[in-house]
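Asks: Here's a structure for you.
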Amino acid sequence: MASSAEGDEGTVVALAGVLQSGFQELSLNKLATSLGASEQALRLIISIFLGYPFALFYRHYLFYKETYLIHLFHTFTGLSIAYFNFGNQLYHSLLCIVLQFLILRLMGRTITAVLTTFCFQMAYLLAGYYYTATGNYDIKWTMPHCVLTLKLIGLAVDYFDGGKDQNSLSSEQQKYAIRGVPSLLEVAGFSYFYGAFLVGPQFSMNHYMKLVQGELIDIPGKIPNSIIPALKRLSLGLFYLVGYTLLSPHITEDYLLTEDYDNHPFWFRCMYMLIWGKFVLYKYVTCWLVTEGVCILTGLGFNGFEEKGKAKWDACANMKVWLFETNPRFTGTIASFNINTNAWVARYIFKRLKFLGNKELSQGLSLLFLALWHGLHSGYLVCFQMEFLIVIVERQAARLIQESPTLSKLAAITVLQPFYYLVQQTIHWLFMGYSMTAFCLFTWDKWLKVYKSIYFLGHIFFLSLLFILPYIHKAMVPRKEKLKKME
């Protein structure tokens, strides 16, 4: 009788669990449908916003507490977010973190450990891309794993630098070099920190340890006075979120593949690509602004003080919104968008390739790494190839205008400044959209179809300028200017 009752009770509990899970799935799915989003996208947004209650709990109950409690809290909350989004597939991140800890401990501060880390973590990520690849953008475990991959590679390099003589390191390397030996709990807390696990930003182990040890504060002995700065970034993120949610059903990359798009005049196709190219980036802007607010709230965003003594909270800023919205150059967009990832690539890839003795080659290899890091689709390679080409041409054009007396005088005419700005912004966002077309459509058959519809305008325009500008420079820059430059 007792065993029968216990069995019935177990069945009821199991059934209740299944029903609860089913209702949760149903309600989330229904809500996502009503919002015009996928369930995975809704889970992602919920998880990002969960960082705020987690940060408030940390501020009120764990700040200045024992460090192991803080590491446990970060690990538990990060794992919970991973499970909520990806279920049992959280084992991918857990496995890579544990193996990374073993690499550091068993191989020590050696170049072998760095190379092993780079090869293993990148191979695991690329294998994940290969086995989960589809023709569309899907939110799956590889999304946070690409963030984790950079964290763990950076951890290995900083640990390696920590064993070198201080004098042999640059000031930047000294700042990030890890002198101590991280424990497994510290590595887990660093990796799973809820404010950055899903979509970034990137930050170093040293910066994370300063947070845990209560050093990232603007007033000694008190909780960071960061609520207002955090709310400002949250509000800005919500503004972009609302705008993106309202407009996303009307401005889609799928429309680029339709016959209706092909049947419109050439100018319309270009203008749609321009508007879509700007708009499509707003989903990334939204996520990064919201997560930056979480980082600021915890104190991780603390970045010292300004000259006037005002605290700076931009250590985890992934966006410079004003620069992003107003700068008419491609290099301005690069400097204002995904800042921490770009800084990571500059610190751990570009500057480490200095031995090649060729800045363009180092930049090209860095962009190749970024393309592979994003995924195996051909569209990523095309996008970053276009970025490389555009930046080179933009620098050539800027140098020509600066060194040519005629063009310098024309550029300085005040009344023409608004016209110049409009032309620059039009070129800027048209070809940003052109590059993003390959990035967002992934597969060669899709982006090739769209590029054909606008006659490969971006490639023809910038490749032509790449070869023509040196001759224009030769014709328009006086010889004395060239000699002065050589001196």
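Backbone N, Cα and C atoms are what each Cβ position is placed from, and that goes for glycine too.
From Swiss-Prot, for reference:
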type	residues	note
MOD_RES	Ala2	N-acetylalanine
TRANSMEM	44-64	transmembrane segment
TRANSMEM	84-104	transmembrane segment
TRANSMEM	111-131	transmembrane segment
TRANSMEM	180-200	transmembrane segment
TRANSMEM	227-247	transmembrane segment
TRANSMEM	285-305	transmembrane segment
ACT_SITE	Asn338	active site
TRANSMEM	364-384	transmembrane segment
ACT_SITE	His374	active site
TRANSMEM	422-442	transmembrane segment
TRANSMEM	453-473	transmembrane segment
MOTIF	484-487	motif 'Di-lysine motif'
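Give me the structural setting of these features: burial, nearby parts and distances.
Replies: Outside the transmembrane segment (44-64) by six or more residues, the chain places 37, 70, 73, 77, 81, 84-85, 139, 194-195, 198-199, 214, 223-224, 230, 234, 241, 287, 290-291, 293-294, 297-299 with a CB less than 8 A from a CB of the stretch.
Outside the transmembrane segment (180-200) by six or more residues, the chain places 44, 47-48, 50-51, 54-55, 68, 70-75, 77-79, 81-82, 85, 93, 97-98, 100-101, 104-105, 143-144, 147-148, 151-152, 155, 159, 162, 208-209, 212, 287-288, 291, 294-295, 298, 300, 316, 318, 338, 340-341 with a CB less than 8 A from a CB of the stretch.
For the transmembrane segment (285-305), same-chain residues at least 6 beyond its ends with a Cβ under 8 Å from one of its own Cβ atoms are 44, 48-49, 51-52, 54-56, 58-59, 63, 193-196, 198-201, 203, 207-208, 211, 216-218, 223-224, 226-227, 229-234, 236-238, 240-241, 244, 311-319, 321, 324, 337-338.
All protein chains included, Asn338 (active site) registers 21 other Cβ atoms within 10 Å of its own Cβ.
Counting every protein chain shown, 16 other Cβ atoms lie within 10 Å of the Cβ of His374 (active site). Reduced to three states, the DSSP call for His374 (active site) is helix.
Beyond the ends of the transmembrane segment (422-442), by six or more residues, the same chain brings 135-137, 253, 256-257, 270, 273-278, 280-281, 328-330, 333, 374-375, 377-380, 382-383, 386-387, 390, 450-451, 454, 457-458, 461-462 to within a C-beta distance below 8 angstroms of the stretch.
Remote same-chain partners of the transmembrane segment (453-473), defined as residues 6 or more beyond its termini with a Cβ less than 8 Å from a stretch Cβ, comprise 256, 261-262, 266, 269-270, 273, 386, 389-390, 392-393, 396-397, 399-400, 403-404, 431, 434-435.
For the motif 'Di-lysine motif' (484-487), the mean pLDDT of the prediction comes to 53.
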Asks: Rounded to a whole angstrom, what is the C-alpha distance between His374 (active site) and Asn338 (active site)?
Replies: 13
